Each structure stands twice: as structure tokens, then as C-alpha cells.
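Participant: If you scroll down you'll find the structure; I have some questions about it.
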Amino acid sequence: MKIVTWNINGIRTFKNGIKTTLDSFDADIICVQETKVTRDLLDEKTAIVDGYNSYFSFSRGRSGYSGVATYCNDSATPFLAEEGLTGLLANQGEAVGCYGDQVELSSEELLSLDNEGRAVITQHYFIGTDGPQKLAVINVYCPRADPDKPERKQYKLQFYRLLQCRAEAILRSGSHVIVLGDVNTSHQPIDHCDPDDVDNFEDNPGRKWLNHFLFGTAEKTKNGNTEDELKEISQKSASGGKFVDSFRHFHPKRSNAFTCWSTLTGARQTNYGTRIDYIFANCCLVKSAFIGVDIMPEVEGSDHCPVWAQLSCTLQSRPKFPPLCTRHMPEFTGRQQKLSSFFVKVSEKDRVSKDSEESLPGSQDTGEILENLNPVVQGNSVAKKRPTCREKDTIAHKAKRSKQMKTESNAKGSLLDFFKPKQTPLIPSSGNLSLKPTESSQDSPGSESDTRSCPGDVQTETSLSMVTEMETENQDEVEGESTSIDKSKDCKKGPCAGFWKAVLHGPPQPPLCKSHNEPCVLRTVKKAGPNLGRQFFVCARPQGHASNPQARCNFFAWVDKGK
């Protein structure tokens, strides 16, 4: 059995196709976090993947936020599946159950913890050394504690307590438990790129909770936290120490094994990140079934990288998909509707005869029906509709076209007619010949008959000479006017160009950083405070440790407001 977890930072990460990406892992269970998709935006290609069955949890408060999904191979279809940790979103009869003691959280708090779509639980069966055994896989995306929002810190700690309460309750029922996903807290200093740069690293409440949640770490820390103090962090919801960090079980001293990097600073190029994606499992399962665990930093497409675990057990598959499966969603069931469903069944008493003035609900009026069937006959009795603008344009176009065809059919065609210059509207000038296009094209009937009686070559020579004279005279006038216009433009061009250059001077020239002697990049302060909106220059290289010469140096310079 192989299981994979990956924070994909948006379900659109699968650029080459979601099936191609899932197949590349060659895993039985693939858990993804931060899908950033709500149910109304979930498309069929993402929900229904050939060879897999999927289970989603959506954010109910914000769109494009949070969300987790578990993809199971059809050979590892779970027996039960449930959304959330509280049980408030579960379907009766198909829930995993075992919710533990939740009395310390109010019903409003429990509902808010599940409303962001942060957990999906699937229950499987596998054949072990002692026969068939149960396995619960909890796919979680733990909240991030925003420093500017104290309420989110409390929300994160409540989610941690709820997660521990549920996981240990399932464990006590006799099932093995795997908790995996983005926990959003680096556990030990070895899991952080620069722990010395973090104030009070060991005092972080998330790390204290991890110390109590994981086996072998609920001991006295550097700052003197005892077992009793750590129990207060977990609100006495469980005894603690029931689970193992499977990666550290196989790689206890591996450093620089990070799973998350900042994309804004390009920190992945220098491997300046943290390890916040885990695969936790109960102690007995790790010792008896886990073969290996590792990270996959070579897989790109997100600010996180996947983590995989290999187990020696083989999962059994359920013949039917659990109700939470996306294949049971009405929008993806693929059932063809019958033609009869589009018609309303009407009784004999309510049926309307042909001669009746009443009409069926939602149907056309009798007058409109007759008008549509025979508009010519019913033109006297039914009021005619006023033509729309589009209909007017269509009628005018048809009339113009018919008139043009009639004129072309009456005129005597000649080969020279195809070589006549196109008559364009000419610019009239005072004192010279002024010939309007309407006058040249609309003559009296008598002149038209005289023109037709003349030979074709005479008509051609006359028209050509008149047009040539008119073009020559008007060309002289246009050239004179254009010359004066160009001179005036040249006069105005100089002052205007200088004015706009003074106003729109463009971005300031970047200085060179002192360490690398390379052009810096321009940044803008977006954090609320006195410097909001101010611009500054920093080194253009990616962020990294201070001891790395290839990383960004500490060059910093504010941009003067006058520049």
C-alpha cells in the first residue's frame, strides 16, 4: 500500500491533467489539501477520474478558499467516508463515528471548525498479520494563525484539539489511524530553515501541541514545559503521545528536508523553507507495517511538495462507493432523463378544448398562437407587432438589395464599366468647382435618357476628365492644409513632450546591491501601517540563509517620494 499527501495550492495545479498526475504517484490513496474549489465550481473532469473515486470537503463560507479531497484507487475503495471532524456534516448510517468528548466546544464552535472544509475521513480494511484490520485515514488542512488576527490563533488551537480528540477516539475503537496533510506548524528546529530567527521558537502553541500529540516528545522542553503544562495545551482531551511522525521515524537526523517554500521570495531555489506536511500514524502501525517514508521536492506545481509512505499491507476494496463519493452527486450521476419528465400530466377535466379561450399554464395566448400560425389571415383581427430595430435593418437591407438588383438588370453593361475609377466624396472648396455626390448621381430623368443614348466611350472620357480635374484641384488644397497642420504640430510637439516626460517619468532606476553588484528589484509595502504603499529596493536574488553566498543579501533602500 502506498499513500501520498500534497498541498496542491489550488486544484488547477494539475496542468497536465488530473489523471496523469494521480497515475504518476502510483499510489492507492492520494490526499490533497487547499483545493480552493467550492461545490458549485467543481467540474466533472476533476470530480470523476477514471480509475479513482474521490471524496471532497468544501468551504461553506468563502469561495476559492481551503478545501481538501481524497482520491482512492478503485482497488482501494473505502468502506466508509465522512466529511469533517465533528460529525455534524456526516450522513447517518454511513459515518465513521467515534467522535470522542467534545463538550468543551460549543455547537457554534464545532460548526465553524467544519465550515471551512478542512477534513475528510475514509475508513479502509486491510489484511494484516492478525487478520482483517480497520484503518482510518484522516486528511486534514490545519488553519494558519495570522499574526494580525488573534481570533485565528484561537481557531487553530481549537482545530488541533478537535483533531486529536477525534483521532484518538477512533484509535480507541480498535482501528489503526493515519493523520496526514498540511499541519501548518514545523515541529522541531531541524524542520525549520532558520529557527534562530523565530522569536521563542519552542513557546509556539502549535509546537507544544505537537509535543503532546506525538509519541516520545511530550517531555520537558528547553523552556521547562512539563507534561502537566502540555496537557493544558490539549485541553485534557486525550492522554497524548499516541502517534508517530513517520518521516522522523525513518530519518531522525536528516536536515534541510523541507516541504514548503515561499513563492514570493523564490526560496525554493535555495531550499529555504519549512517542513509542515506530515504523515502521522499510531505507534503500532508504524512499527508493524511502515516500510519507508520520504518527501518529493522534485515535484513542482505548488509551494508545497508531496510526501509519500509505503506500507506492507494490502487494502481491500468495497464493491460500492460510499455516499460521500462524488459519483453520487446529482450533477455527476449521468442519469438520462426520460422525455415524459418534460411534460405536465393534465386530467380530463382540466384539459382545454381547441375552441376554448383559456390556455395552458405557461403557454402562449390564443391570439399569439393564431398570429404565429397564419399572420396574413389574422392580420386584421390581431394587432400587428411593432418591428424591432433588428427587423427594421433587415427590411431596409432587403429593399436596398432588391433596388440595386433591379438597377443592375436595367443598365446596359459594358466592359469599360469595370475599369471606371471609384467615385469618392470630394472635399468642396470655396470659389472652385463644387460638385456634390448626390447631384452627380441623382440627375433628372431627361439627362439620364440623354446619357444612355450617348456611346459608352464618350461617357467614359467625359467622366474621367471631370474626375481628374476635380482630384487635381482638391489635392492642391489638401496639400496646402496638411502643410500648415504639420507645422502647427511641430510647434506643439516640443513643449508637450517635455511636459509629459516631467509628469510620467517612469519607475526609478534600480541601484546595485553591494554584495553582488547586481540590479535590485522594486517592492511595495502592502502590510497595513505607516509605510503602507511605500516602495523600496532589495536584492533580486532568492531568499536564503545568511551563510549562503548565492542567496539574497541584506541590501535595502527606500525610494524617495520625489523620484
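Cβ from N, Cα, C; glycine included.
What TrEMBL shows for this protein is this:
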| type | residues | note |
| --- | --- | --- |
| ACT_SITE | Tyr141 | active site |
| SITE | Asn184 | site 'Transition state stabilizer' |
| SITE | Asp277 | site 'Important for catalytic activity' |
| SITE | His304 | site 'Interaction with DNA substrate' |
| ACT_SITE | His304 | active site, proton acceptor |
| COMPBIAS | 426-448 | compositional bias 'Polar residues' |
| DOMAIN | 513-562 | domain 'GRF-type' |
Participant: Are there any residues in the same chain, six or more apart in sequence, whose C-beta is under 8 angstroms from the C-beta of His304 (site 'Interaction with DNA substrate'), and if so which?
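Facilitator: For His304 (site 'Interaction with DNA substrate'), the qualifying residues are Trp6, Asn7, Ile8, Asn9, Asp182, Thr259, Cys260, Asp277.
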Participant: For the domain 'GRF-type' (513-562), how many residues does DSSP put in helix, in strand and in coil?
Facilitator: 0 helix, 12 strand, 38 coil
Participant: Express the distance between the Cα positions of Tyr141 (active site) and Asn184 (site 'Transition state stabilizer') as a whole number of Å.
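Facilitator: Per the Cα atoms, Tyr141 (active site) and Asn184 (site 'Transition state stabilizer') stand 8 Å apart.
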Participant: Would you count the other CB atoms within 10 A of the CB of Asp277 (site 'Important for catalytic activity'), including those on all shown protein chains?
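Facilitator: Other Cβ atoms found within 10 Å: 23.
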Participant: Which entry in the list of recorded positions, Tyr141, Asn184, has its Cβ near the fewest other Cβ atoms, using 10 Å as the limit?
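Facilitator: Among the recorded positions Tyr141, Asn184, the lowest count of other Cβ atoms within 10 Å belongs to Asn184.
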